[in-house]
């Protein structure tokens, strides 16, 4: 309902339209799932030896596992290596590549000629392999150290050289490869800038648009394009800096920080703020600084220009802090990298580029919005009221984290009815044109959809519940603490059952979507028929919950874990972010 209402409003205003919204499973290819597994250092046992001017690197490969020849890469510092000497492998058709790949089974040795090296010269060896059953590992790096080897006469003096194999990398490993590989910083930033542009068309960034629009509108009808650009750019800088700094905090604090921001008191304050902003847009009251303050700012800041920039920067920072509840795959990948390494500079830079990419459409929207603002007449009021409804929609996004699904669904229905009713009245007052007919059609569709959504919520609830009685998922076993979890896990394994652990919080919208749409589905219930369902409530920042987060290395919610019959978490099985029932059922069948 909320997406339909928002989309219809945007069509009426002809400002922008949202791209199709994918669920977290659009990034599912970044994470592999495999029921039986070995750790990467067990699947591919690494060893090396230096024989004079040759470095021989060897891998003992477990049965039913293999390494890709084209994924071997060596980067040396204070040394120079020649072209690697590979043995002949086997050609394999692999779903992750467009053409057959040469792979190695059981054991492989690769020889690197050492053209020149110093004592303790370092060489980073990177490799990547898969299991026949379907699990593929991210690229893995080992560091080896060399003894001194004198350079040949025809060798040019160089401090650093690299020998690498060419070949495509499957999409599953692209993000990990960007951060762990040796691409230039500029290339990494460009990639994440592009990812950010894609994220700009998701619900995470939706609240930014009405906020930025309100800032542009607040500058008056005579705002210039350059002024609109500067305001939009400053706003985006505030947002980008917030995401970058927040990312570093989240990487170290995990869900604790996210939970603090989602405390009911803070959410309630945000709801009030956006509701008041909506009233301002409706013209119910004026929001401005006291006249004495305005006079001082006018005198010091040349009619508030500097003050406005600072205010816009702060608004962008606050917006980035409170209006992005989603945990996306690119953001999660960067945060995991920061948390597991000491390379904060690269992590911060990648986060900033990602955030800046998210801001590019915002800047374009701010400029376009400034141009499209009516110079005079009744349409100015219609635009302001429209953004008022958008402010209410943002407030509702926070409300749904505090109340039941049924209550929020009814509120969405009412908001849609009120919004489209207002547009109906305004459209009736306009002159008869082709555009009026088109607007009327969109308005009636919006009214009908809003009414049906509310009807289905109120009167369809009973039949919906009744229809799912026999398909209700097993009752979750509530886990109190880590000791309780270990006991319940052991008890489940003793019964020959695997375990699924749902980590959720009351403020987590996607957690509620799992509960409403995914868990009750027949496919999911059948796929987890021999699995004990456990649940950990991370709503509050208690010492017990912090221990859970640290023990399981939780970055965001929802997170769902799977444990095998030996009580170990299944490699690559974690689900982060909402997943639809069919995809979740397939995921469960693949790993259990």
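Just so you know, the numbers here start at 1 and follow the chain as drawn.
Cβ from N, Cα, C; glycine included.
Looking at 318-338, 465-485, 486-506, the range annotated in Swiss-Prot as transmembrane segment turns out to be 318-338. Swiss-Prot assigns the feature transmembrane segment to one of the listed ranges (345-365, 513-533, 534-554), namely 345-365. For the ranges 265-285, 286-306, 559-579, the feature annotated in Swiss-Prot as transmembrane segment maps to 265-285. Within 10 Å of the Cβ of residue 508 (disulfide bond) there are 25 other Cβ atoms, across all protein chains. In the three-state DSSP reading, residue 130 (disulfide bond) counts as strand.
Predicted-model confidence for the domain 'Thioredoxin' (443-592) is 83, expressed as mean pLDDT. Cβ neighbours within 10 Å of residue 511 (disulfide bond), excluding its own Cβ and spanning all shown chains: 24.
According to DSSP, residue 511 (disulfide bond) sits within a helical segment.
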